[in-house]
Amino acid sequence: MSKPKSTSDHLDADDAAMLLLSTGISKAYQRLDYMIVRNFIGGALVSVGGLVTLLVKGGCDGLSESNPAVVQLLLGLVFPVGLVMSTLTGGELSTGNVLFLSIALLQRKIPLWRSIYCFTVSFFANLAGSLFYLVIAHYGHILSADPYLTGTIVFANDKVLVPSASTVFVRAIGCNWLICVGVYTAFLSRTVVSRVISIWIPIFTFVAVGFENSVANMFLVPIGMINGAPISVGLFIWKSLILSTLGNIVGGGFFVALVYWYLYVFPTDTANDEIDMGNEAILPITEPSSLVPITQIVSRKVPVSESLESLNRRDRKFHHSLGHDANSMSPTDVTKSGANSDSEEKAE
């Protein structure tokens with residue numbers, strides 16, 4: 001007989017936080033080759049969104065001068081396509097892994113060295129995937145003619161040369177704050193459509209306002225450098241990678257992972273117990289395992305009356321095992337029988 005399923009189209013906030021915890025442990029202990037491939041694909045697919053963004057930016061040169069806000073909104077609409085594809089197909093990004101690894105680290109389910117190791121592998125695999133897709137875009141001559149070629153140079157200059165180091169760092173904090181909120185809201189969702197919308201909204205926002213994403217910079221800045229932007233490799237590494245990455249870690253680790261761990265994971269203190277997520281239960285992960293599909297989790301609230309009835313059944317079974325009639329016993333008798341049982345156990 002099949003179990004009844006909830007008609008709710010989303011998980012509760014605390015259930016989603018527990019799912020983030022179990023997923024973070026799974027990601028931390030997955031095989032190295034899986035980790036590399038997933039992050040390589042993630043970096044490449046995000047670069048797809050970056051390529052479309054540069055096409056739109058370069059083709060809106062006149063509009064950028066008359067209505068720059070409209071162009072920013074258009075960029076925000078098209079950039080998330082790569083991240084959505086990456087998320088739905090199992091790709092990974094170092095920016096999103098900040099959330100997963102931080103929650104698992106805060107709950108002391110993984111050691112600090114493993115979180116650093118996994119983030120480092122994720123970062124460089126993202127970089128490899130982004131540079132690989134850059135080669136495809138460059139030798140495919142997608143952006144080799146004006147106005148697109150000039151657009152890539154202007155875009156790279158605006159990313160690296162115009163803002164100060166502190167500005168880049170602060171923008172990176174705001175960026176990954178939004179990205180990790182998008183990941184969290186995606187974990188609240190059960191359907192593909194709701195997940196896409198959950199991801200799209202915060203990504204659209206961070207692109208439209210001009211925040212800094214270290215993984216996106218792995219494609220957007222080097223392609224401008226190849227086309228003639230006066231940016232040195234050292235300056236690119238310092239401002240577009242190191243500062244952006246540090247800001248992304250602060251934004252995702254402190255303002256999302258720490259906050260939601262404190263609100264939903266830390267108070268429950270269920271890290272060593274079975275995590276009840278409805279009709280499907282997620283057990284604490286101590287070995288590498290596959291990620292838990294969100295569609296398998298069905299949130300189910302147990303009525304108080306049902307919980308009390310379950311407790312009463314346990315009491316009756318306990319007293320029956322002692323040879324007593326639970327229905328005819330008074331609270332005083334129950335206390336005495338419990339005391340007698342304790343005395344007998346001590347005598348034995």
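Just so you know, glycine gets a Cβ as well, placed from its N, Cα and C.
In TrEMBL this protein carries:
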type	residues	note
TRANSMEM	36-56	transmembrane segment
TRANSMEM	76-104	transmembrane segment
TRANSMEM	116-140	transmembrane segment
TRANSMEM	160-185	transmembrane segment
TRANSMEM	192-211	transmembrane segment
TRANSMEM	245-264	transmembrane segment
REGION	321-348	region 'Disordered'
COMPBIAS	327-341	compositional bias 'Polar residues'
Contact set of the transmembrane segment (192-211) with the rest of its chain, CB cutoff 8 A exclusive, min separation 6+ beyond the ends, reads 9-10, 53, 72-73, 75-77, 79-80, 83-84, 87-88, 171-172, 174-175, 178-179, 181-183, 185-186, 294
Find the member of 36-56, 116-140, 160-185, 245-264 that has more C-beta pairs under 8 Å to the transmembrane segment (76-104) than any other listed stretch.
36-56
Spatial neighbours of the transmembrane segment (245-264) not adjacent in sequence (6+ beyond its ends, CB under 8 Å) are 13-14, 16-18, 20-21, 94-96, 98-99, 102-103, 106-107, 123, 168-181, 184, 212-214
